[in-house]
């Protein structure tokens, strides 16, 4: 393999480095960290995949559902025949979205905004809407009717409801303020009112309190619920309160109608949006759902096609890479959160079609599971990747040497590719020492006598401590010191590369792992064995892969035509029935073809990978014959691919079966109405997925959208207790207990942020409340600064600073655009309604194309167009309406807007530094703590499912794992603003956080794979699997859950971890060794399974599944060990005990202080 060549090459180079290339982790490697011990050190197939690796930058259309991903540009080595204009990367989103299906919502939104401009420009309706009539245009950009009717209806109802609530709250404040007013003049002149001469201290204080409390309410909901249908409703609610109460402070009487100025334009906007959602290119939630479902299935079809090509390639070639397959599967999984957001409203959909909106529920569940299985198939390429990162140690004798301190000595760098020695190999991966002993180091042959062809377990205790009679590698005397030299090299490298202020962590785990790794060997024939195994695997899988690709493409085609012919009333029933029967025949044919290919693969073709191993079970008359039998790891690698391919094909069978069932049952189209009351709209929860989930910058780190908080409890039946009080004994104690929790909740992050934002609102409103500055503030529209600062302030300082920069830049650009539009429409005059309508008619389609598809932070996008609309809207209003005070028109409005926005956002930026101040850095830790705890809960659920088999748990576990992965991937996007959090204490350890996040993603995928394994194990095999992996061993599971709890608690609090922990768990996981056998020889209970491996057992599907399950459990344990060390690297260690875990004669050289980043236990 390339490693061997590199090794030989490096051995001829001048000895300029220590003899051990110990990796001190400085940055994570997305692709290489997916497998190390599980796939490299011991040959265990690892069920994690580099599809967990996250792209460094978002694709341009990451948040736009693709109709057919197969049409996306594919990477090709062919050179174009003719030169073509290639857009820069920053503009690739334009051609990606330049399709008719993407232009439909653009045109609908543009027409809605243009109708709003026309209504705004008509004098009668302009007078009706009042002084804030321009809000009808602004609302058209903030809440365009680009979504299906039900989604638009939900959003508009929430907007009007929250604005009405804000208006009612303002009226209550005005009434109470009027009671405190000493002078009440109902007919006061407007010129005296706007001069501020009627402002009184008492009423103003009451109004300030109402602004404070109202702002807290809406901003708390915005922070608590985050992205979703409440987002813009909270924005407009704040605007209503700010404008109503700050303006009413000038009046010597309660001006209740001030809220009407905000409500009327928004009501007109909602009516326009709903009408056009029905009349112009109407869209349904079902249509959106099927389009996004195609965005999931289409990349999977492309990935299957690439699998066929890659399996036929030369995998030993340096140019070989599976990155394109991994990226394609990542694209499919990236579309799942948006698919879930569309599924949330399926039950409310109204559609005339053959298929009910709820008919897609089963297909949705199958699509989620297909992506996980596709991820599992990618594992094979990471296992055979010769460049994957491994724990670099030098092979040592089979008897572990005692570590002692030596001076660093230059020696041959170790081979990255290695195998365990026979004695240790059976301990870690459950394979016989005979399997390892059957390999010769030089000849690569297997020596077998006919006397024991079927008993492969050997004598475990003997092989653990002594060399096997067929030891494949003879160590020289120098090899006996390699383990000792390893420790000195670690120390030497640590001293040379680590900052002096950061002591080493994870030394305890490192030494324990080094003892486990001491007997690992490389294999000289890795390239040949891998190429041979891939050749056999390709031959066995090609036909099934081809059939799976056809089934996926057929499913995508079906989704694209589920609404065809529903309105073709001129077509006869007989013709429609003929079309329907042709569809049924087509998909029954695909189903039969897939079933036949799967049966043939399961019964015959998959067994071809066993050909190199059959000689072990064939009696031979020649006891001296040598056979070239590959190590077991290559068989296990094929097992992993075959298992996930079988599961993938079975899921496709179910998908085609569901399509056939729907085609047969749904014969005629009909009108489908909501399956439950529209009141359900009001019960949207923070944990439910949302349309803007991927792009919004406000999210609760302690919530995982997609998981019901009631289900976020470890161990299911386990509950939290109050350490300071016993359970309530009566009603009084229950009420006081509830009040205590409510008051305690005020100290939470969201509540503190809302209180802080309310205080900022009051500060910015002071110029409108002070008599000497009220007239100036009213004339120059200082309320713009109020709600801009109010909405710029975010929970996290980095988001606030980013908002400051982005809003200033966006306001400047938007001001220029609005000014240009105004002067083009009016020339040197003071506003021309026809010119304004004409300019907007031309500009709005392009504006909304950018508004909907430009892949930038949403508020950056919004502020540009909101500012443009405000500039030409205010300019037209001030030239056509008689208003008490006017900021002017054209450039006068633009520069005032820019100055006031700058004032507001700078105030928010300064205020973000005042306590309580939270940062994205703390958000990242809290998020990782939350996901760590939830991964522990899911781990317990999977083990419980394997033991008790409650079918209702399956869908819930899959949904929770998907939600966790989506949360982790969103945190990558959210942490980009961490660079705006200036700190003089030092740099933020972003790479360490990235490493923890990657490990959690890997664990989530492994849990998905483990869930699939235990679903397929029969009860006897499942209990044997639980016994083999110690998953029902209370002692071992206590250690596992203690590690998860320690990790979560340490991340949440930032407290250091104990230096001595239950890690490495791998040591206890491998405490009992079985060899290739399913049941341990000394076990009294065999669950009715054979204790000795036979060829029949080796060929059985249950044994294949069992082995993949053991490998997956092994990988989960190693990832938990890595996660513990990664967290230690972040938070540090405490509770030092000198010499613990090390030999008694180990002594640290005088004057030497170990200082190192964590020695990465990358498996």
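Here the Cβ of each residue, glycine as well, is placed from N, Cα and C on the backbone.
TrEMBL: automatically predicted annotations, no manual curation.
Among the ranges 898-915, 916-933, 934-951, the stretch that TrEMBL annotates as transmembrane segment is 898-915. Residue ranges 54-75, 76-97, 230-251, 296-317 are listed, and TrEMBL annotates 230-251 among them as transmembrane segment. Within the set 836-854, 969-987, 988-1006, 1007-1025, the record from TrEMBL flags 836-854 under the feature transmembrane segment. Residues 804-824 are the range that TrEMBL records as transmembrane segment, among 699-719, 720-740, 783-803, 804-824.
The transmembrane segment annotation in TrEMBL falls on one of the ranges 31-51, 136-156, 157-177, 325-345, namely 157-177. Panel annotation: around the transmembrane segment (860-877), residues 120-121, 126, 131, 133-134, 137-138, 140-142, 806-807, 809-811, 813-815, 817-819, 821-822, 825-826, 831, 833, 836, 847, 850-851, 854, 883, 887-890, 893-894, 897, 901 of the same chain, lying at least six beyond its termini, place a Cβ under 8 Å from a Cβ of the stretch. The transmembrane segment (804-824) and the transmembrane segment (271-291) are not in contact, since fewer than 3 Cβ pairs between them lie under 8 Å (pairs 6 or more apart in sequence). Long-range contacts of the transmembrane segment (157-177) within the same chain, counting only residues at least 6 positions beyond its ends with a Cβ under 8 Å from a Cβ of the stretch, are 139, 143, 202-204, 206-207, 209-211, 214, 217-218, 229-230, 232-234, 236-238, 240-241, 244-245, 248-249, 254-256, 258-260, 262-263, 266-267, 270, 681.
Within its own chain, the transmembrane segment (230-251) is flanked in space by residues 132, 139, 142-143, 155, 158-159, 161-163, 165-167, 169-170, 173-174, 177, 188, 193-194, 196, 198-199, 203-204, 207-208, 210-211, 214-215, 218-219, 221-222, 258-259, 261-263, 266, 684, 692, 696, 761, 765, 768-769, 774, 778, 783, 786-787, 790-791, which lie at least six positions past its ends and keep a Cβ under 8 Å from the stretch. Summarised by DSSP class, the composition of the domain 'Integral membrane bound transporter' (781-908) is 102 helix, 1 strand, 25 coil.
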